[in-house]
Amino acid sequence: MTNRIYQSLLQQKAKGQKSFAVLIDPDKVTVDKIDELTALATEARVDYLLVGGSLVVTNRLDEVVQQIKKNCDIPVILFPGSPSQITPYADALLYLSLISGRNAELLIGQHVISAPFVKQSRLEIISTGYMVIDGGAPTTVSYISNAAPIPADKNEIAMCTAMAGEMLGMKLVYMDAGSGAKRPITESMIEKVAEVIEVPLVIGGGICDPEKAYRNCKAGADLIVIGNAIEKDASLIKEMSAAIHSVPTRIS
Ligand code: 1GP
């Protein structure tokens, strides 16, 4: 198993270079839409395509990922809401443990059940401490996970949770306000969490404009994930990518 994608995330972080991932929900894209998104993403130099969702109701994951791979070279990373959302056609898998919750199934239970299948897939496995932060409204992830999110103003809980995840060996910390969150994660929480961990920090949920994406990066996010806003207006890919990639690196 390679760790090419994780190594590139580490190298980008070392340079202070920020990355951008577009999240594609396999339920919501037609072949034409995939063609449009991959063309825009390639032109805008999007770093990664994440594929998945908290609840996927169709059985099109293989087809969607194959179509993406046919169109472009952007690495495809699975972001699964359940063990059924795995396909060997992707490049990597965020192996998520919901460390902000106390639902044993999502901390370790489902991983045990799916481990042989995941291992067989030969995907690059990136163990990820997944933290759901209250985004101002119940989102699919908070309902499905049956676990309370971290309150949006409790920076200390977020810091301690991220530190614990890192010390348990997780390679990424992903703080998510949930898809379509009313209130994205605050810069103050991002800043506090970024200060106490060394692994790359992924931020997503409710980011709708390039200014917010830029501020999140300045606060310490290494990878920004955007789904909903791009589903509504695919042309945003260009502006979002330009904003995220315009954050000054350590050497510039
Ligand atoms: C959701 O972090 C992702 O899990 C992205 O959220 O769809 O709100 O951009 P949005």
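Using the three backbone atoms N, Cα and C, a Cβ is placed for every residue, glycine included.
DSSP assigns ASP25 (Mg(2+) binding site) to coil in the three-state reduction, outside any helix or strand. Cβ neighbour count for ASP25 (Mg(2+) binding site) (all protein chains, 10 Å cutoff from its Cβ): 20. The annotation Mg(2+) binding site is assigned in TrEMBL to ASP25, SER54.
For the recorded site, GLY178 (sn-glycerol 1-phosphate binding site), the DSSP three-state label reads coil. Other Cβ atoms within 10 Å of the Cβ of GLY178 (sn-glycerol 1-phosphate binding site), summed over all protein chains shown, number 26. Taken from TrEMBL, the feature sn-glycerol 1-phosphate binding site applies to TYR174, MET175, ASP176, ALA177, GLY178, SER179, GLY180, GLY205, GLY206, GLY227, ASN228.
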(message) Need this for a regression test: binding-site residues TYR174, ASP176, GLY178, GLY206, ASN228, filtered to those with Cα within 10 Å of SER54 (Mg(2+) binding site). What's left?
(response) GLY178
(request) May I ask for the distance between TYR174 (sn-glycerol 1-phosphate binding site) and ASP25 (Mg(2+) binding site), taken between their Cα atoms and rounded to an integer number of Å? (result) 18
(message) Less than 6 Å between Cβ and the nearest atom of ligand 1 is the rule; apply it to the binding-site residues SER54, ASP176, ASN228.
(response) ASP176, ASN228
